[in-house]
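Annotated features in TrEMBL:
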type	residues	note
DOMAIN	12-286	domain 'Glutamyl/glutaminyl-tRNA synthetase class Ib catalytic'
BINDING	Arg15, Phe16, Ala17, Pro18, Ser19, Glu51, Tyr193, Arg211	L-glutamate binding site
MOTIF	18-28	motif ''HIGH' region'
BINDING	Cys107, Cys109, Tyr128, Cys132	Zn(2+) binding site
MOTIF	249-253	motif ''KMSKS' region'
BINDING	Lys252	ATP binding site
Amino acid sequence: MTESGVTEATPVVGRFAPSPTGRMHAGNIYAALIAWLVAKSQGGHMVLRIEDLDRERSKSVYIDQIQRDFETLGLFWDEGPYFQHDRDEAYAEAFGRLEARGLLYPCFCTRADLHAASAPHRGEKLVYAGTCRHLSDAEVEARWAAGRMPGWRVAVDSRTIAFEDLVQGTYAQKLDRDCGDFLIRRSDGAFAYQLAVVVDDAAQGVNSVVRGVDLLCSTPQQRYLQDLLGLPHPAYAHVPLLVAEQNRRLSKRDRDAALDELLARFGSPRAVIGHIAAVAGLVPEEAPATPEELLKDFSLERFRDGLPDLVQIPWRS
Ligand code: GLU
């Protein structure tokens, strides 16, 4: 048994976890392609989970479009789609378990308070200063009485969470110094990404998480929650981001990375996949290919050893 809980008898279960806030672009196609190849190269299967926690930014037109995009590209899933908007009960149950252990506290800080009190750490994320952790009962009551709706944070301790990322190698955070108490539920009542993703990965049997390296710094938070909730740790692989000029990650404004533009320019889904595979150094020469065809020559070790840079891959060279 490995630490990820994967045994020979346990199939690898990977996932696509798109947020339906826009159409796919080269960056998320690349991460999805690697996630698919990692699972399939180990005889595993893929779950599709639509991460529509953010009800305001999630649009039903993208929920449909993203599924068509995956299918067009040959990135087929075996299970799902599951939707986070259906999962409030499961998140509330986990929230209740953490609350019963006295690990949660209400946080009344506004965005401005947070920026004033938190120091950005290693350029990664703001570390919460713990302002609301030590409020007295009277102070908490006064804030409730003033009508402020709090978010909810989980208290961290001084433990170090370290793990072996399949691409990035060893990664560690000392939770109190590098991470701070983090949000589990937002002040608008929505459960936060960190809680939802942990509850969903466990419930859906996901034991192989492949995603962009921008989420590497979230992984210690997720592993901490898995520890608190008694859930298994998946294996993690954080792949490089495709970047534009000055190492800016690709976004919707990069029209030449948008799937509709790519399909128009390259003429077929196979040619789009072939182009992305070549840009990312997955194949020595650019040629149209389906994910299935790329599978023949794929292995995680070779993939990792062949990466020019573990963090960034220029989209336009
Ligand atoms: N829904 C997130 C995104 O589209 C991915 C979250 C994850 O992979 O854990 O960026």
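Backbone N, Cα and C atoms are what each Cβ position is placed from, and that goes for glycine too.
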Positions whose Cβ lies under 8 angstroms from the motif ''KMSKS' region' (249-253), at least six residues beyond its ends: 22-23, 25-27, 212, 214, 241-243, 315
The motif ''KMSKS' region' (249-253), counted residue by residue under DSSP: helix, strand, coil: 0 helix, 1 strand, 4 coil
Intrachain neighbours beyond the motif ''HIGH' region' (18-28), with Cβ under 8 angstroms and 6 or more residues off its ends: 50-52, 54, 57-60, 62-63, 65-66, 69-70, 212, 241-242, 249-252, 254, 257-260, 262, 276, 279, 315
Spatial neighbours, same chain, of Tyr193 (L-glutamate binding site) - Cβ under 8 Å, 6+ residues apart: Glu51, Leu53, Ser218
Sorted by sequence, non-Arg15, Phe16, Ala17, Pro18, Ser19, Glu51, Tyr193, Arg211 residues with Cβ within 8 Å of centre, L-glutamate: Arg49, Ile50, Val197
Listed in sequence order, residues not in Cys107, Cys109, Tyr128, Cys132 with Cβ within 8 Å of the centre of the Zn(2+) site Cβ atoms: Phe108, Asp113, Leu114, Ala129, Gly130, Thr131, Arg133, Gly151, Arg153, Asp181
Residue from Cys109, Tyr128, Cys132, Lys252 whose C-alpha is spatially nearest that of Arg15 (L-glutamate binding site), among the binding-site residues: Lys252
Neighbourhood of ligand 1 - binding-site residues from Phe16, Cys107, Cys109, Tyr128, Tyr193, Lys252 with Cβ under 6 Å: none
Counts by DSSP class (helix H/G/I, strand E/B, coil) across the motif ''HIGH' region' (18-28): 3 helix, 1 strand, 7 coil
Shortest C-alpha distance to Arg211 (L-glutamate binding site) - which of the binding-site residues Tyr128, Cys132, Lys252: Lys252
Residues that sit under 8 angstroms from Ala17 (L-glutamate binding site) by C-beta distance, when 6+ apart in the chain: Arg49, Glu51, Val197, Arg211
Most distant Cα pair in Å, residues Arg15, Phe16, Ala17, Pro18, Ser19, Glu51, Tyr193, Arg211 binding L-glutamate: 16
Binding-site residues (Arg15, Arg211, Lys252), the one with most neighbouring Cβ atoms at 10 Å: Arg15
